[in-house]
Every structure is written in structure tokens, then in C-alpha cells.
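These notes concern the structure reproduced below.
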């Protein structure tokens, strides 16, 4: 196997980008969601109960316990954490010295702190995925920059420390759990749309925030939608075991299939940083050789190989072809694929039953666990072999200590992850080692391992349910309150807001799936609109002047439930069509007994005053000034601005790289010839801990790496 130095670097950069987008997106919404005048004030979530400081921190792990010491309330502390997290993540994305375990630990702790007070608006699977991935980045990040260590020539593994690849294997295991579980739950849910292969005929118009491309995808032929569902099952269920294949080309094929799926989702839906994080996880399937980590690595002249190597290559090719053939046969057989040449379509149907799938899942789940055990054991043995190549007793001892610590952490996290992974099959869950259950129970609140299962059931089979808020001054003439991102106005095209997540719009989508009593926060939203609270209004319209009641709050507020469908081709100026279904929330006004009863029932009445704080403190004033400067910007514009700035910095870094190389004392003179680095197949790993005997040779290699 080739080295993973460059994939690890891409992974760390991707995690930093994910944290940056998540913090920046959250920051823009804090006043309306969690401020004193927000929908769910954060100060209600942190109530000291007379416990010790460390016990309180362990049971509710959030740094926001310390906000009063800084003269800030909980919402202001959350703003400070989000700002610092976004800046620190931006630094880690651009500067390699900041890709350090301590930096990623701080990012993870800051986001975990936010999730502890985020309540329903931070209960999404991608928030859990970001936390789990961020903690893995703590283990993957090197303690010292790669430039401080001797690297292997031609991108080999000689420069790798014995323990470095172990935590990166956990990234591959997380990707496997995410994709495999997401595919399995679609069938275990017994959803008729998934079983009938018609899910994508509804998905594009019923997803939370579709893009304009979703309208076009929705009008593709039905047979293509059904074939796309078959491809989804193939990519999410059949392909993930190939993540651990011993044949490199199989892993790369699995990589490109996952990338294809995520890119198509990004094009047709606004799923914030979720697809980005999934793409970041796929870096665990790559290697330095594929990414051409060293110049000219992919263009080396072919040399004559011995017959055992040629035989092994032939057997690998035959095995690879057999796997592709098996996947093709299984897809055709289990989904009844038939080509209709006359109509130029492909017919497909599910040829197995729910009972057969359940039995197959019971049979397969435990072997997938053992597949993970075998793959991890191979990584441990490989790391142990690399340790045996270390020279010098002091370096060998240091490497042994690091390898022992990292190996223990890797095995422990793997055992912990088995518990949420086995949720998809209760029989396997009950057969797990009890020690794994105890470990998971001890750290469950830290979200080090989570269960996943995206798009379990397809909603809106009879039309997309949508809640439309309305306000009135007299109770007779009503005006609709239009949101910036979710569907409302029939003539407005779906927006593109990725990587921003408008969390109120997302929760409005969930609220529409049931009665308003299933979404207690909705009553608080109605109350804030009746009170005319500007932070909440800015969640609906960032430019307050566009809000229909910006001059005076409405006297009455109600909500109606509609069903929305994409318009048909040829309907000029219309993206949606809709039909009224029922009243979702009754008309209420301030002091209305119905409203007061609901507020009391859901515990949303909080007459206790906010905790005392110094409103004139320098830190509070700085936060207020920052908010004032950034508030005119819409959140998507802010995040896209960050993207543009990052791209500009990258271009400048690329342009300045040749000049910095020329001025480097390690660069050779203009007329000096470079000495070619000797290529060794065996014993190269022994060079990792020994200093170069010739300083000129070391300088030449360092300069070549920089180029």
C-alpha cells in the first residue's frame, strides 16, 4: 500500500473547512435562535444545580459555563465561541502549522459546547458527523509539521512514523458506517417509495431546500429515476465493503462512486456542510501514489518485474474483474434490470422481499464487524512492522510509546463505534461484547461515535407539506410572511445557499410533517413575531424592510398548511404550484388564552430575569461591534465571501511558492545538478528515524519536496 501523507493533509484541511462553515453559519443565526429575544434562549439550558465545577462540566460538557466569568450571557458566549472557532478553522485551513492536534481539539470542544445549548436546532446528523470527524482529526493531525521530519523518496512510506496511519483508518471506518447504514435503513424502514424504486420521483421536490437543478432533475423520465435509486443502493450498500479491499484499484473505484453520489446531491439539494464532510471522509480511500504526491512519481519508467510479482498482478486483476462482474450480476438479478430497446428505457423492480432482506442483514452484519476487525488488525500489524524498522534505542522507545497510545485510542474508538453501528440490526446489537456497551455508555454524551441513517423514509408522497405563516392587523385581512430560503412564493426560484444551513427553515420543514404540538418551538416563534422581535425577524428576512410587518408587529398570527408541487414545464414564471390543506396553527394574539396555554404547556414562559452581566465590558462591546458590521451581510454571501477569500489566498500562495523556494537556503544553486534519490523497495522504512549522513543530499531532497 502506498503512503497516506497527502490524503491525511487533505482530510485535515477538509475538516477545518467544515468547522469554518459550521461556525460561520451558526454565528449569523445566534441572536434569533438563542439570544434573550430568540426563539429558544440559550440561557434556559444552563442552570447551575449546586454540583461541583468538574462534575457539572462532565455531565454537560460546554465551555459556556465560563461565560459569566467573562461578563457575557450564554448567547454572547456562544457568539464568541463561534467567531473564535471560525477564525481558528480558517487558520488551520490556510496554514499548515495550525493543523495541530490541540487546534482540532479546541475546534471540537467549541462545537460540542454549542451543541449542548443548541437544542432542536442543532440536532441534525451532520452536526454529529462533524463532531465525530473533528475528534478523529485530533488523532490524525501530526504533533510536528511534516517539513520537520525526513520524508521518503518518491512518495514511499519511509517518512511515515509507525503510528501515523492508524487513526486515519478510523476515518475509513466512519465512512463505511455512514454509507452502509444510510443504505440499509432505506430498506429496513419498509418505505414503499424506496422498495418500489420510486423515491426519486418525490425526493427532488420534497427535500427541505431544493436547488434550481432539482426542478430539472424532477422532470427526468421515471425509468431514469428508478435506475438512479438502484445506483444509490449499489453505492451505499454493495460498494462500502470495498473500502477495505486489499486491491488498490477497487478502493479507488469505491472512492469515485462515493464522490459521484455526493456531487449529484450537492447539485440538486442544499445540505450545508454535510456533503463536504462526506467528501472529506472519502480521502481515507486515497493514497500518495494516486494523488501524485511526488513530481514524476506517476511517470516513472516501467522496469522488468519478477514472475512472482507478475503472477500476483494477474491474480489481482482477475479478482478485480470478478468483483465488478459480481456487482453487475447482483444488480441485474436483485433489481430485475431489463433493457427495452423499442422504447429505449431500462425497466427495474425489486425482486426480493423484506423478509429476505432482513435475513440477509442478520447474516451480514456480524461479518461486516469482523471485516472491520480484520482490517484494523492488518493496520496494527503494519504499524508494528514499521516500528521494527526504527533504528536507535531511544527513537525506538519513543516510537513504541506513541504507537502504544495511538493503538489503544484507535481500538477503543473502534469498539465504541460498534454500538451505534449495530443499531440498524437489533440482533447484532445484542450480541456485541458487553465491554463495548460500557465504553460507549461512558462517553456517549461526548458524541465520539454516532448512529447514522439518512433519508430513512420518503416524505411528501402526496405532495410536499409546507407551513405558511400569516399576519394580520384586524383578523380579516391576512398577509403571508415569506421566508428567504424555504418554498413560499410560487414564482420565486429555489435558492442556492450551500454551505449555509438556515436552521429555522429546516425546522419549518420538519414541523410541516406533523401537528404543531410536535414542534413546541413553533409556539415561541409565533410569540416572537407578535412581539416584533427583530433578531427573529432577521431569520425570516435579513433585510427587515422586506418583512411585511416591519413598521408595526402584527396583531394576529396564524399558520396554514399547504401542499406544494414543482410546476410543469411550460408554466412560465412559476416554479411551484400549491393547494391549501388545513389550518396548522390557530389565529392568536398577545395575551390570547390559547397562546398562553401553549406557552405554559411547553415550558416556554420564562419570567426569570437574565443573569446579571456587565453590558459595558470591553468583550461585550467588541462582540456587539462585530455583529453590527456583519449583520448587513446575508449568511450565504458571508460564506461565499470566505470561499472567495480562501481561493485568493491559495492563488497568492501558489504564485509566491517559486520565489520562496529560490530564496530558501536549502535550494541548490542555479547551475548545480540534483543528485537523484536512490530508490529502494526494501529496508526503506529504516531511514525514517536516522539523520541523513550527507547534508547536501538532505538539502537536495528537501528542495525537491518543496517543488
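Glycine is treated like the rest: Cβ placed from N, Cα and C.
Per TrEMBL, the features are:
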{"type": "TRANSMEM", "residues": "75-95", "note": "transmembrane segment"}
{"type": "TRANSMEM", "residues": "102-123", "note": "transmembrane segment"}
{"type": "DOMAIN", "residues": "123-292", "note": "domain 'Lipase maturation factor 1/2 N-terminal'"}
{"type": "TRANSMEM", "residues": "259-286", "note": "transmembrane segment"}
{"type": "TRANSMEM", "residues": "306-327", "note": "transmembrane segment"}
{"type": "TRANSMEM", "residues": "364-385", "note": "transmembrane segment"}
{"type": "TRANSMEM", "residues": "405-424", "note": "transmembrane segment"}
{"type": "DOMAIN", "residues": "448-586", "note": "domain 'Lipase maturation factor 1/2 C-terminal'"}
{"type": "REGION", "residues": "664-707", "note": "region 'Disordered'"}
{"type": "COMPBIAS", "residues": "671-682", "note": "compositional bias 'Basic and acidic residues'"}
{"type": "COMPBIAS", "residues": "685-701", "note": "compositional bias 'Polar residues'"}
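Counting residues 6+ beyond its ends, the transmembrane segment (75-95) has Cβ neighbours under 8 Å at 12-13, 16-17, 19-20, 23-24, 26-27, 30-31, 34-36, 38, 41-43, 63-64, 66-67, 103-104, 106-107, 110-111, 113-114, 117, 613, 619-620, 623, 626-627, 642, 646, 649-650, 653 in the same chain.
For the transmembrane segment (102-123), same-chain residues at least 6 beyond its ends with a Cβ under 8 Å from one of its own Cβ atoms are 12, 15-16, 19, 22-23, 26, 29, 33-34, 40, 42, 45-46, 60-64, 74, 78, 81-82, 84-85, 88-89, 91-92, 130-131, 134-135, 137-138, 141, 446-447, 503-504, 507, 519, 521.
Taking H, G and I as helix, E and B as strand and the rest as coil, DSSP gives the domain 'Lipase maturation factor 1/2 C-terminal' (448-586) the counts 33 helix, 35 strand, 71 coil.
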